[in-house]
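J.: Could you have a look at this structure, given as structure tokens, before my questions?
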Amino acid sequence: MKTNHPKHIPITQIKKQLLSSLDKRALVLVGLMGAGKSVIGKRIATMLGLPFYDSDQEIEKAAQMTITEFFKVYGESEFRALEQHVTLSLMKKSPLVLATGGGAYINEDIRQVINKNGISIWLKADLDILMKRVSRHPTRPLLQTANPKETMKKLMEQRYPIYAKANLTINSYKESRHTVAQNVIRSVQNYIYTEINDRNNQHANQDRHC
């Protein structure tokens with residue numbers, strides 16, 4: 001299957017090629033709180049005509065309480081167990097766009113399922129941008145500490161090496177949400193384009209040796 005290089009085609013045409021090549025895989029956004037996963041994910045889903053799910057919202061539906069309340073009542077370990085159950089259930093609904101919680105991709109079981117059944121996209125942002133964004137939601141459970149900025153910095157140190165294992169990394173800094181969403185779509189199509197060409201080259205090499 002030959003695919004035009006995404007740099008030379010508009011988003012509307014990329015949509016057709018991407019959806020046909022994506023098959024039943026999910027586009028999964030990973031990254032820290034404040035990276036813009038939910039907002040960007042909704043825009044990507046709208047552009048591609050795919051269903052969008054926010055795993056945190058789905059967790060709250062399943063628990064019938066907010067994540068902040070769940071943390072207070074049951075603790076983080078129980079939350080992570082529920083997060084895994086909900087995330088793996090959502091992956092079965094692919095193709096879709098999924099915004100995951102900040103700790104989801106850190107879970108090896110979740111990460112393996114995402115890597116097998118989806119294309120993972122890390123939305124990366126620096127400390128100041130993240131803090132500016134999360135300050136609008138001061139009830140984030142993991143930031144209920146004496147020094148939220150230092151806590152965020154430690155989370156970055158712990159999690160960024162794991163987020164870096166994602167298939168794609170997209171900077172989520174000062175660009176508009178629309179621009180970041182477009183960057184994601186073009187990068188996904190480029191990833192698929194490379195994937196298809198590598199597969200075709202592999203088949204061609206096998207044929208030569210037959």
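Please read every residue number as a count from 1 along the shown chain.
Cβ atoms are placed via backbone N, Cα and C, with glycine included.
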J.: Figure out which of Arg111, Arg140, Arg186 sits with Gly34, Ala35, Gly36, Lys37, Ser38, Val39 in the ATP site per Swiss-Prot.
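T.: So, going by the record in Swiss-Prot, that would be Arg140.
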J.: According to Swiss-Prot, Arg80, Gly102, Arg159 bind substrate; identify which of Asp56, Asp126 is listed for that same site.
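T.: Record check against Swiss-Prot: substrate site with Arg80, Gly102, Arg159, extra candidate from Asp56, Asp126 is Asp56.
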J.: Looking only at Lys37, Arg80, Arg140, Arg159, which of these binding-site residues has the biggest number of Cβ atoms within 10 Å around its Cβ?
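T.: Top count of Cβ atoms within 10 Å goes to Lys37.
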J.: What's the longest C-alpha separation between any two of Asp56, Arg80, Gly102, Arg159, the listed substrate-binding residues, in angstrom?
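T.: In whole numbers, the farthest two Cα atoms are 18 Å apart.
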J.: Work out how many Å separate Arg140 (ATP binding site) and Gly102 (substrate binding site) at their Cα atoms, rounded off.
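T.: Here the two Cα atoms are 11 Å apart.
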J.: Would you list the other residues of this chain near ATP - those whose C-beta lies within 8 angstroms of the C-beta centroid of Gly34, Ala35, Gly36, Lys37, Ser38, Val39, Arg140 - in sequence order?
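T.: In sequence order, the nearby non-listed residues are Gly31, Leu32, Met33, Ile40, Ala99, Leu123, Arg133.
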J.: List the Cα distance (Å, whole number) between Lys37 (ATP binding site) and Gly102 (substrate binding site).
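T.: Between the alpha carbons of Lys37 (ATP binding site) and Gly102 (substrate binding site) there are 9 Å.
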J.: Which whole-number value in Å describes the distance between the Cα atoms of Arg80 (substrate binding site) and Ser38 (ATP binding site)?
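T.: Roughly 19 Å, rounded to the nearest whole number.
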